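J.: Encoded as C-alpha cells, here's the structure I'll be asking about.
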Amino acid sequence: MVAFVPGQQIDAIRRGVPIDREALPPRLASVENADIKRTRAYPMQPPTIPHAIDSYQIDKNSNRCMLCHARANAATFQAPPVSVTHYMDRDDQFLATISPRRYFCNQCHVVQTNAPQLVANGFRDIDSVIAVGKE
C-alpha cells in the first residue's frame, strides 16, 4: 500500500498540478468529420465512427445511427451496414431487427478525434508483429 504524502504531485493523473490545487480540465478534442474509415488495430475491434454524432438521439425510443446503417438503408445513404452479428441474440439466433444487446452503438463505437496521446504507446497491430517475425 502506498502512503499519501501531502503536497506530493501525481503527474500521471494531475498533469503536474499539485494535489492541493484544482487542475483545469483539458480541452475537448475536435471530432474528425472526414468520413474516412480507419484501419483496425486488432481483430474484432469495433470500428470507430468517422463523423460527428453529438446531435444524434440514441436511447430506448430512437437510434439515429440506424437511419443510415440499417441493412435496409445502407445502400441509399452509402453507409456501411451494421454487421450481421448485431442481428443475433445471445443464443446466436438471427432476429428480424437489431438485437437489444447491440442497440446502443456508443457502448462500443466511438468517434474519431484529433486528441493527442496522453501516455506513450508502443502498440503495434498484429500484421506488423507478424511481418517482423517473418524477417
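Cβ atoms here come from the backbone N, Cα and C positions, even for glycine.
Note that TrEMBL annotation is computational and uncurated.
Per TrEMBL, the feature heme c 1 binding site maps to His51, Cys65, Cys68, His69. Residues or ranges marked as heme c 2 binding site in TrEMBL: His86, Cys105, Cys108, His109.
I'd like these features described in context: how deep, what's nearby, how far apart.
T.: Note: His51 (heme c 1 binding site) has non-local neighbours Val31, Asn33, Asp35, Val111, i.e. same-chain residues 6+ apart with C-beta under 8 A of its own C-beta.
If you draw a 10 Å sphere around the CB of Cys105 (heme c 2 binding site), it holds 21 other CB atoms from the protein chains shown.
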J.: What is the number of other Cβ atoms found within 10 Å of the Cβ of Cys68 (heme c 1 binding site)?
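T.: That number is 15.
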J.: Please give me the CB contact count at 10 A for Cys65 (heme c 1 binding site), counting all chains in the structure.
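T.: So the Cβ neighbour count for Cys65 (heme c 1 binding site) comes to 21.
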J.: Restricting to the same chain and to sequence separations of six or more, state which residues have a Cβ under 8 Å from that of His69 (heme c 1 binding site).
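T.: Residues satisfying the criterion: Phe77, Ala79, Pro80, Pro81, Val82.
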J.: Using a 10 Å radius around its CB, how many other CB atoms surround His109 (heme c 2 binding site)?
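T.: The answer is 14 other Cβ atoms.
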J.: Starting from the Cβ centroid of His51, Cys65, Cys68, His69, which together make up the recorded heme c 1 site, report each further residue of the same chain whose Cβ lies within 8 Å of that point, ordered by sequence.
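T.: The answer, listed by sequence position, is Ile49, Ile53, Arg64, Met66, Leu67, Phe77, Ala79.
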